[in-house]
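Here's what TrEMBL has on this protein:
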- A:56-83: transmembrane segment (TRANSMEM)
- A:57-264: domain 'ABC transmembrane type-1' (DOMAIN)
- A:95-116: transmembrane segment (TRANSMEM)
- A:143-166: transmembrane segment (TRANSMEM)
- A:187-209: transmembrane segment (TRANSMEM)
- A:245-265: transmembrane segment (TRANSMEM)
Amino acid sequence: MSKRLLGLILVLPALAVIVLLFLVPLAASVVGAFVADGRYGLANFEKAFALYTQDIIFTVVIVSFSTFIIGALSTAIAGYLTLGENPRAVAILRWLYRWPMFIPFIVVGQVLRTFLAKNGLMNNMLIGAGLITPMQASGMLDWRGIVIAFVWKQTPFVTLLLAGAMASLDRGTIEAARNLGASRLRILLEIVLPQVATTLVVGLILSFVTMMSVLSVPLMINAQSPTMITADIAFRINAYGDYGVANALGLISLGVTACVAWIYLRQTMKERA
Amino acid sequence: MNDEAFLDIAGVSAGYGRTPVLKGLDLSIRKGEFVALLGSSGCGKTTLLRAIAGFVQPSGGAISVAGRNVTNLPPDKRGMALVFQSYALWPHMTVAQNIGYGLKLQRKPRGEIAGRVDEMEALLGLSGLGARKPGELSGGQRQRVALGRALAIDPQILLLDEPLSNLDARIRLQVRHEIRSLQQRLGITAVHVTHDREEAMVMADRIVIMNAGRIAQQGTPEEVYNRPASSFVAAFMGAENRLVLTGHAEASRFGILEGSDNAGCLVPLDGRPLASGSVEARFRAEAVELLPAKSRENPSEAVLELAGRVVTVSYPGGLWRHAIKVGTAEILVDAPRAFSPGEAVKVRIPHQVLFLFNSREASPPPKPVSRSGVESRFLEVSEA
């Protein structure tokens, strides 16, 4: 038996798993998106856009906005971990910021539902503190709740990547800037961030893709219209058994994430050129 | 401690966590002086430089510049610029942006920054490279950009943290002279940290040799080379050969007693505080004369003569290097011609190049106390 054949046999189980459990279902879904009433065509997409255009825009805007806030917050936290001069504050922050990473999305949704509701914990605290009257209390269980849940859950992940990248920078580049009189904010924005920009973009893209696929948070916090594509997909399948439109919606969200990945790839290619 | 002290370091102690690195160090530097801090790794030289720069907060003592106490000022308020060992250039900025960043922080007008950057590029031979990123430059060019970035803000004091250690040996020799002549042309005060003895010798007006957080000796290159104050300094400055001898001090001379492998001789004390008893002798391989054992030629008076046997011979270039067994010790001696292994030889060490020390540098000067046993035991220990 030739060596090549042996190698092929050795890799076969892994290959089979990927093909059978991943590629075949993916291909089936993609093909399924173009099949309606036993015929090939764009009927599923027409229906999906007719019913859910608003939800698609809502999803892209919500996830983009969350991504932006996650970027700003994680830069601030990682920046403080790197440049902070109070060792105790840095230690506390370092210990604290990771916790949300270990909490599943569904639990985040549930926690925030009880926290952000009209008669939830947050409003009770604000009323108790005399900051608002019960009449002014309003729930945040709409797009704001989803953004809060996403930011709360994903910021630690991006911060973890970013703080790691910042820690491995040559400290000299920071000290040289300090030596010339740069403030900490300027060092963060002009010296540190440009050197870890690639890591930040990677972290944000991974977060973007993760948020695009979360079902539990929109279901828990905001199940009314407009909602996110994932909730629509679940609804098409569970309520109507309509796999065609569900597949079309899936392909649309895949298209959105592919755009983001393409932006990233183009940027890294440009950097290497 | 000095009227014309420009940069004055008084009793500075510093450390990391609980480990003390600097132990009450005093140093005074004149305006326009080039001082090299020389020492092996871990001696505290970089910590001292970082304390001067403001990146290490001293636990005690004071640092002042032109009479102004800067101990508690942030790094940028001290009128100093630091050149890092790794250069620490900002990879995302061009050469011109790197050099001009300090001026940008000072909110200088754009035209003035561009003019100053051009001036720096011309001064450092970087003209035409302003639009490049540091990644596209050679090591020597990066080093000059780092220097330009530090000099662009027109600092009073330039601090150099082993700036040459990342360069090829050949470029290093050239950059040494470039930095030195630049420093002289600008009249800037410079403190240079290095572990390279020769680098310190050719660049500095004054060499400060550090050991274990203290200054072991300071002086001009000739002083520390020719009149080392301690056995440590002598060894650090290349006098690696070490023998233990016995002798007695007279009015202005020191008599070395005849031993199993050496002849007796009288050398001028020349102001050295040597006490009678066991002494440590140190000398350089290239400073002595090697003769066949049967040579009849008599040595002049103030020359120490040793008898030994050649063990190995090698040729590092220029002179032949011999490892010679003298008693139980082995020494290295250079000679213009090769002696063969096993040959009996004489080694002659003129008094000018023979460094004598009473024992380890930590030993206190002998005091007229009744507990004489303490002192003699100390000498025995150092001999062992």
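From the backbone N, Cα and C atoms, a Cβ is placed for every residue, glycine too.
On a predicted model such as this, the values are computed, not experimentally measured, just so you know.
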Which of A:56-83, A:187-209, A:245-265 contacts the transmembrane segment (A:143-166) most, counting Cβ pairs under 8 Å: A:56-83
Surrounding residues of the transmembrane segment (A:245-265) on its own chain - C-beta under 8 Å, 6+ positions past either end: 29-30, 32-33, 44-45, 47-48, 51-52, 56, 59-60, 201-202, 205, 208-209, 212-213, 229-230, 232-233, 236-237
Contacting positions for the transmembrane segment (A:187-209) when only residues 6+ beyond its ends and CB under 8 Å are counted: 63-64, 66-67, 70-71, 74-75, 79, 82-83, 154, 157-158, 161-162, 164-166, 169, 173-174, 177-178, 257, 260-261, 264, 267-268, 271
